[in-house]
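Student: Sequence annotations record features per position, and here Swiss-Prot assigns region 'Disordered' to 1-77. According to Swiss-Prot, the compositional bias 'Polar residues' annotation covers 50-66. The feature repeat 'WD 1' is assigned by Swiss-Prot to 96-139. Sequence annotations record features per position, and here Swiss-Prot assigns repeat 'WD 2' to 147-190. The repeat 'WD 4' feature in Swiss-Prot is assigned to 239-280. What Swiss-Prot lists as repeat 'WD 5' is 309-346. Positions annotated as repeat 'WD 6' by Swiss-Prot: 364-404. Summarising the annotation, Swiss-Prot assigns repeat 'WD 7' to 413-446.
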Amino acid sequence: MSERGEAPAAAASAGAGGEMPAKKQKLSSDENSNPGDLSGDENDDAVSIESGTNTERPDTPTNTPNAPGRKSWGKGKWKSKKCKYSFKCVNSLKEDHGQPLFGVQFNWHSKEGDPLVFATVGSNRVTLYECHSQGEIRLLQSYVDADADENFYTCAWTYDSNTSHPLLAVAGSRGIIRIINPITMQCIKHYVGHGNAINELKFHPRDPNLLLSVSKDHALRLWNIQTDTLVAIFGGVEGHRDEVLSADYDLLGEKIMSCGMDHSLKLWRINSKRMINAIKESYEYNPNKTNRPFISQKIHFPDFSTRDIHRNYVDCVRWLGDLILSKSCENAIVCWKPGKMEDDIDKIKPSESNVTILGRFDYSQCDIWYMRFSMDFWQKMLALGNQVGKLYVWDLEIEDPHKAKCTTLTHPKCVAAIRQTSFSRDSSILIAVCDDASIWRWDRLR
C-alpha cells in the first residue's frame, strides 16, 4: 500500500518480529530547523487567502437529487466567506528518507506550560518534534523499524495511567501496532492480530487504555493496552466489505463511526451492556492467574449503516457533537446525521435507512484517497490539505451551517499532496505533512 492514491492499494506483507530501536538525535544549533529556512521573500508569500466561489465538482450523492430515504437540509452548500482565523507559514523541513509522511499528531495530553510535541509517521520511521517560539521545530527522537519494508500510516497519543508517561501508538502496512514510550525511548509493547495493513489508530477520549485500530482486513479491533487484551472485533456478517480506512469515537466514547473502501459508514455502540461487561472483564483479566485466554467479543452487526452519503472510498470520518463529518475522493467534506433531523441518535435503530445531509465543505484538487482532515481540540476549526499543497481552514463556530467561512493557506514551495494536518491543543500551531516528506508549520496570528 505504498501508493496511496486513486488506484487500490497493493497487498502489504503482514507479520511480527523486529525490534524497533530508538535513535536519539542530537543536532547542533546550526542543524536545527529554524525560521531561517524560509527567506523573507518566501515568508511574504506564505499567506492566508480568502476563498472565493466554491469550485463545482462532479455529481456525487451530496449534490444529486435526493436518493430514497435521504433528506436534504437547506441547499446543502457551504459557502466560503472570510474566516476569522489567519495563519502564517513560519517554518518547513524535510525528512531525509524522502518518502510520503502519512500521519501527524500533536500530543494533546501534555500539561499547560509543557513543550508542544508532535509525531510524524512515514516510511519505516517515527519521528518526534518539539515546537518552540519564533517558529523553531526541534528534532527530539527518531525511531526506525527493523523491517525496511514497514510503512507507517498512522499514529495516536495516549498516556500511561500508572506513571502518566506519554505513549505513542503507531501502525502501518505490516499490521503490527507498536507502543512507544518516549521517556524511556523504547518500544514497550506490540500487538499482532489484524490480518493486513492498519489504516488508523484512535484512543478512547475518556479511557487512555482503550485503543481502536481499523484495517485492510475489513475489521476494527478494540484493545486494552494496560492488560494487553483484545476486547472486541467489529466486522463479519454485516461489517465492512472492503478496507476500513478511518474511524472515530464520539466525545463521550460511547459510539464509534467507521468508514471504508466499500463507500459505507457504520455506527458501533460500545456503551451496550455486552460491551461494558467486555471492557470490565478486560481490566480484570490476569494471564498469570488463569490458563484460559481472554475471550474477545465478535460484533458482527453495526447499530446503523449507510452508503447514501458518498459514491467512492470514504477515507476520513469524525464526530462533531451528534453530527458526522466524512469525506471521500469527491472534493467535499459532508456534514450529516443518521436518521431524520429530529431523531435522537441514541435511539436510532439498525434498520434505519434515512440520513439527513446538513451541508458540505467544498474544496478543489483533492480526488486521491487517504487524505485526512482534522479539527482542533475545541472543534472550532477544521483543516484539510489537497494534492497540490493547499491548506483549507474552516471556522466551525457558526449558527448557520450554510455560512461556513474558509481560509486557504498557500506557500510557493509547498506543492506536494498534504496527507494529514494537526493542531496544537491551544490551536496556536497547525502542522501539515506531505508526500515529499516535508513538514510545514503554520502559526495562528492573534
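Think of each number as a place in line: the chain as shown, counted from 1.
For all residues, glycine too, the Cβ spot is worked out from N, Cα and C.
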Student: What residues elsewhere in the chain lie close to the repeat 'WD 7' (413-446), defined as a C-beta under 8 angstroms and at least 6 residues from its ends?
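Tutor: Same-chain residues near the repeat 'WD 7' (413-446) but 6 or more away: 4, 42, 46, 48, 85-106, 108, 110, 116, 118, 120, 122-123, 129, 131, 135, 137, 368, 370-378, 380-381, 383-391, 393.
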Student: Per-residue pLDDT averaged over the repeat 'WD 2' (147-190) comes to what?
Tutor: 97
Student: Counting CB pairs under 8 Å, which listed stretch among 96-139, 239-280, 364-404 touches the repeat 'WD 5' (309-346) the most?
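Tutor: Per the Cβ under 8 Å count, 239-280.
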Student: Helix, strand, coil: count each for the residues of the repeat 'WD 7' (413-446), based on DSSP.
Tutor: 0 helix, 20 strand, 14 coil
